[in-house]
Amino acid sequence: MSPLWLLLGLLALTGSSESSSWGCYGNIRTLDTPGASCRIGRRYGLTYCGVRASERLAEVDRPYLLRHQPTMRLVGQKYCMDPAVIAGVLSRESPGGNYVVDLGNIGSGLGMVKETKFYPPTAWKSETWVSQKTQTLTSSIKEIKTRFPTWTADQHLRGGLCAYSKGPNFVRSNQDLNCDFCNDVLARAKYFKDHGF
């Protein structure tokens with residue numbers, strides 16, 4: 001066997017193992033999720049909901065997100081966050097990849113509601129912007145981890161996603177880990193994980 005083929009084989013093996021073990025906040029491959037609610041599916045013109053809807057919406061965003069995958073990988077390494085989860089969050093927050101929605105402080109729980117703003121997709125090109133989103137998510141996960149130290153890493157991830165979306169006081173028990181944002185993001189993240197993220 002030629003050394004070149006051996007080297008290429010080793011690179012392929014290390015690349016696949018790297019992408020399957022990303023992140024300090026749970027294993028998205030093992031998480032079960034119902035996916036997007038029917039409300040989310042209808043919002044985007046789908047006649048179905050659940051994992052199928054989340055996967056379809058992720059599929060629509062995938063070509064755009066692929067262009068920014070190096071940024072997500074870099075930020076993922078910096079914050080020990082699976083790039084597939086970052087892609088899932090960005091996909092959920094950017095309908096069809098056409099624009100990014102900023103709903104102000106709705107998720108912060110501070111009671112301040114700002115005017116809805118739409119940013120062009122070029123905002124995603126910024127490593128700083130992706131870092132800010134990821135830092136906010138990891139801070140939410142760490143806060144949940146501090147409040148509920150006996151929970152599993154998967155529960156911390158779910159709680160962090162719900163807190164990221166609904167504010168830190170939304171999660172009061174493990175009954176609050178089934179929010180629509182979390183379910184949809186995890187289904188999209190699993191799709192992205194299976195498609196190279």
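The backbone N, Cα and C atoms fix where each Cβ goes, and this holds for glycine too.
Residues annotated as active site in Swiss-Prot: Glu93. Secondary structure at Glu93 (active site), as computed by DSSP, is coil.
Here Cys80 (disulfide bond) comes close to Gly23, Cys24, Tyr25, Thr138: these same-chain residues lie at least six apart in sequence, with C-beta atoms under 8 angstroms from its C-beta. The disulfide bond annotation in Swiss-Prot covers Cys24-Cys80 (among others), and the record cites similarity to another entry as its basis.
DSSP classifies Cys49 (disulfide bond) as coil under the three-state reduction. Under the heading disulfide bond, Swiss-Prot lists Cys38-Cys49 (among others).
What Swiss-Prot records for 1-19 is signal peptide, and it gives sequence analysis as the kind of evidence.
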Protein Cβ atoms within 10 Å of Cys24 (disulfide bond), excluding its own: 14
Residues that sit under 8 angstroms from Cys49 (disulfide bond) by C-beta distance, when 6+ apart in the chain: Gly35, Ala36, Ser37, Cys38, Arg39, Ile40, Gly41, Arg42
